[in-house]
Amino acid sequence: MSRFQITVPATSANLGPGFDSVGIALSKFVTLDCQPADEWYFAVPEEDQPYIPSGKSNLIYKTALYTAEALGFSELPPTYVELTNDVPIARGLGSSSTAVVGGIELADHLLQLELSRYEKFKIACEIEGHPDNVGPAIFGGIMVSNYDGEQLDYVHLTEGMKNLTWLAIIPDYHLETEKARGLLPIEIEYKQAVNNSGSANVLVAALATKNWSLAGKMMQSDQWHQPYRQTLIPGFASFQEILRKENSLGHYISGAGPTTIALFDEWDEGKHTRLTTILKDFHIEPLHVNLNGAKTLVLASEK
Ligand code: HSE
């Protein structure tokens with residue numbers, strides 16, 4: 001077997017009212033450097049060791065095995081996997097999706113499954129339950145999709161977004177998705193649902209027609225989840241005025257939070273310096289779309 005490298009991009013889900021349905025791949029990555037070994041081992045960066053196991057309870061391994069079994073295999077060739085992680089854990093930037101997609105890529109390569117991107121997407125949805133993070137992690141770009149437990153439908157957008165800046169405002173604490181989902185109501189009124197669906201429709205139409213200022217406006221119109229979740233993000237209420245002064249097109253809670261993403265069609269060092277100073281309790285990082293999605297690269301053959 002050869003040494004090979006898998007890279008999976010971070011993702012930002014929801015984009016406001018596109019709850020559980022819209023997501024974008026961004027320019028932060030998890031890298032898995034893989035080589036044959038006598039037993040499975042995940043070499044995890046020191047700062048992530050409290051959260052990511054080194055053995056077979058690792059989500060990457062569990063997903064790889066799930067994929068293998070779904071395709072009729074009972075085991076995977078033992079592999080030493082060295083993780084390089086630039087995607088912060090439990091911050092709303094798709095860290096668990098990077099593990100799920102990384103695991104599917106791993107099984108695909110080790111067992112030469114040659115799965116299509118759609119087949120990978122379907123397996124990832126079975127594991128994640130919703131498609132908004134795993135879709136863009138596999139395909140890159142913006143993914144608009146729906147998964148009802150069986151059917152998976154999607155539209156993949158890639159055009160006209162290269163020059164946008166997606167500013168990540170990342171707090172230094174973790175927020176588990178389960179906790180953030182626990183704040184959501186079990187039911188909402190019909191009239192409210194129709195209105196929310198209208199906002200989501202306009203968001204998607206704006207993304208598809210590259211009307212970024214309208215997309216930014218719709219990001220802030222969301223009533224599905226942000227009104228409930230913003231209580232978990234101290235400072236969120238103050239972002240509106242701060243970001244407006246720097247001509248942000250709009251902002252939203254990334255995935256389940258606690259990261260906020262602000263969209264800019266024009267970005268410069270002055271904005272970076274001012275926002276870093278004002279939002280000093282957060283890590284500020286300008287990101288761009290990743291258009292490639294997950295990739296596997298063969299590095300060298302074993303003699
Ligand atoms: N759409 C999901 C949510 C993303 O907002 O809960 C996190 O898995």
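Placement of Cβ uses the backbone N, Cα and C atoms for every residue, glycine included.
TrEMBL labels come from automatic prediction, so no person has curated them.
Annotated in TrEMBL:
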- 58-141: domain 'GHMP kinase N-terminal' (DOMAIN)
- Pro88, Ile89, Ala90, Arg91, Gly92, Leu93, Gly94, Ser95, Ser96, Ser97, Thr98: ATP binding site (BINDING)
- 204-266: domain 'GHMP kinase C-terminal' (DOMAIN)
Which is it, of Ser96, Thr98: the one of these binding-site residues whose Cβ has the most other Cβ atoms within 10 Å?
Thr98
When a 10 Å sphere is centred on the Cβ of Ala90 (ATP binding site), how many other Cβ atoms does it contain?
20
Compute the mean position of the Cβ atoms of Pro88, Ile89, Ala90, Arg91, Gly92, Leu93, Gly94, Ser95, Ser96, Ser97, Thr98, which form the recorded ATP site, and then list in sequence order the other residues of that chain whose Cβ is within 8 Å of it.
Ala10, Val87, Gly255
Taking DSSP as the reference, which of helix, strand or coil describes Ser96 (ATP binding site)?
helix
Measure the Cβ-based neighbour count of Gly92 (ATP binding site), defined as the other Cβ atoms within 10 Å of its Cβ.
30
Three-state secondary structure of Pro88 (ATP binding site) from DSSP?
coil
Greatest C-beta neighbour count within 10 angstroms, which of the binding-site residues Pro88, Gly94:
Gly94
Quick one: DSSP breakdown of the domain 'GHMP kinase C-terminal' (204-266) into helix, strand and coil?
30 helix, 9 strand, 24 coil
I'm checking region-level scores; what's the whole-number mean pLDDT for the domain 'GHMP kinase C-terminal' (204-266)?
96
